[in-house]
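This report concerns only the one structure given below.
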Amino acid sequence: MRHRRRPGGRSTAGGTPVSQLSIPSPSIEAFHLGPLTIHIYALCILAGIVVAYISGGRRYQARGGKQEQFEELCALAVIAGIIGGRLYHVITDHQLYFGPGRTWYHCFFIWQGGLGIWGAISLGGLAIWLYCRRKGIRFASVADSLAPGILAAQAIGRLGNWFNQELFGRPTSLPWGLEIDLSHRPAGYLQYATFHPTFLYELVWSLVGAVFLLWVDRRWTLDHGRLFTLYVAIYTFGRFWVERLRIDPAHHVGQWRLNDVTALVVFTGAVVILIVLQRRYGKGDEHSSCPAHKTR
């Protein structure tokens, strides 16, 4: 049950006062339609997929691609992405599902939250690459078409974390602190009422990044995988600094959270690849675009 604030903006949950300017957490995570339980987290993921599909489809057709092929590869990518995202989450957070007192089959309850973006992008990307290889489609053209929409989709998906009251950051007294119910606060932080809204930080970062990608592509037409590589660099850089604020349980490599290390490694790789591609293909212009299909 969500703890309500008394007049004057103070929390009834105990601990630190809640600022009148703080961001409230939603009081529900799901709603019912007859016998069906609709989880808002799932709706956010679905909305993100729709945005990426519409954006990517239009951009892919503008590159000379066929809509029916785009629909097929998107269907494969979504299925593979969800499986990959869930696998990454279950593997890296296996203690949540396996061991004494745990219910192993809850690892299949994807609607409760828990998708690792690294697994989603990796397996989803592999599915697209295999499809492109089979159909004679340029993978780079598909990736560049999808890049802005994927980043926008990730922003929308972060709203699901808000409804689930999960993946927030350290306690803060800043006016945009996020109110978290007592039942959702991790051990050692029960006395705090407001936390960094890391979901919002990543949401804003991703939306700004998506707009930037669209602007860059319109200005210079980055092709041959350069726009997608730039997307990877933008996302991982933002994920790195946002991850530094989070306090949810995580595996560590030394003093660093695993996602921090992953983001740093992938960011470095993306920058190196972007430099190589830029040297190979030049700045680019509005008349230079990588076609969707390979020349036979």
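Each residue, glycine too, has its Cβ placed from N, Cα and C.
Feature list (source: Swiss-Prot):
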type     : residues : note
REGION   : 1-21     : region 'Disordered'
TRANSMEM : 34-54    : transmembrane segment
TRANSMEM : 72-92    : transmembrane segment
TRANSMEM : 108-128  : transmembrane segment
TRANSMEM : 136-158  : transmembrane segment
TRANSMEM : 195-215  : transmembrane segment
TRANSMEM : 227-243  : transmembrane segment
TRANSMEM : 258-278  : transmembrane segment
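Most Cβ pairs under 8 Å with the transmembrane segment (258-278) belong to 227-243, among the candidate stretches 34-54, 136-158, 227-243. Long-range contacts of the transmembrane segment (136-158) within the same chain: residues 44-45, 47-49, 51-56, 59-60, 63, 65, 69-70, 73, 115, 117, 121, 125, 128-129, 199-200, 202-204, 206-207, 209-210, 213-214, 217, 222-228, 230-231, 234-235, 290-294, 296, each at least 6 residues beyond the stretch ends and with a Cβ under 8 Å from a Cβ of the stretch. Remote same-chain partners of the transmembrane segment (227-243), defined as residues 6 or more beyond its termini with a Cβ less than 8 Å from a stretch Cβ, comprise 117, 140, 143-144, 146-148, 150-151, 154, 169, 198, 201-202, 205-206, 209, 212-213, 216-217, 257, 259-260, 263-264, 266-267, 270-271, 273-274, 277. Long-range contacts of the transmembrane segment (34-54) within its own chain (CB-CB distance under 8 A, at least 6 residues past either end) are made by residues 26, 28, 74, 78, 110-113, 115, 146, 149-150, 152-161, 163-164.
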